[in-house]
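TrEMBL annotations:
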ACT_SITE  152  active site, proton acceptor
BINDING   83  substrate binding site
DOMAIN    8-95  domain 'PglD N-terminal'
SITE      153  site 'Increases basicity of active site His'
């Protein structure tokens, strides 16, 4: 969906939240209209409300107060760029019952993808330099960070964090709640099962079982 002035807030105020704010600004700067009306950040405690985060934007609400905050808007966009897959999921499950919330896909103008054959759910964030080739299904609430690539016929399910410079080959399936480390490579026709951590720089050459951590070249299970 193409938004026109959608009011949005970002959960968290750490580094990845600041970077996501810049993606929002770059989307606006690249468009003929103001796609998003950025309001500020949501933090985990009320004492942080009013704290400046970046470029004059402040913490405007806390997790516990988001119901009251959202009442002031017919529709409020929520962006969840947290780098921990489980926390992303927890945040969404806490707020999903609020009827007037929507979850836009935040896609940097420099992202390269085939719009005819790449599909997106909602709540995804794609940083600058990401390349998605063709016949790819991106689910919900995935963070695909700087200069990562996803090859043909792949599927990225929900609540995954794909860190910078990750190379995902063709026909790969990344299931829910996975953390893919910076600079890692996942070879073709591989399945990364639910709740997996792939260490930075690892090369995954075979399927990875659920709830495990793999590191190294080739990637081996350490827990």
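Cβ atoms here come from the backbone N, Cα and C positions, even for glycine.
Taking Cβ-Cβ distances under 8 Å and a sequence gap of 6 or more within the same chain, the neighbours of residue 152 (active site, proton acceptor) are 133, 134, 135, 136, 170, 171. Within 10 Å of the C-beta of the residue listed as 'substrate binding site' we count 16 further C-beta atoms, all protein chains included. The residue listed as 'substrate binding site' sits 25 Å from residue 153 (site 'Increases basicity of active site His'), counting Cα to Cα. Sequence-distant neighbours of residue 153 (site 'Increases basicity of active site His'): residues of the same chain at least 6 apart with a C-beta under 8 Å from its C-beta are 134, 135, 136, 170, 171.
Helix, strand and coil residue tallies for the domain 'PglD N-terminal' (8-95), in that order: 38 helix, 25 strand, 25 coil [DSSP].
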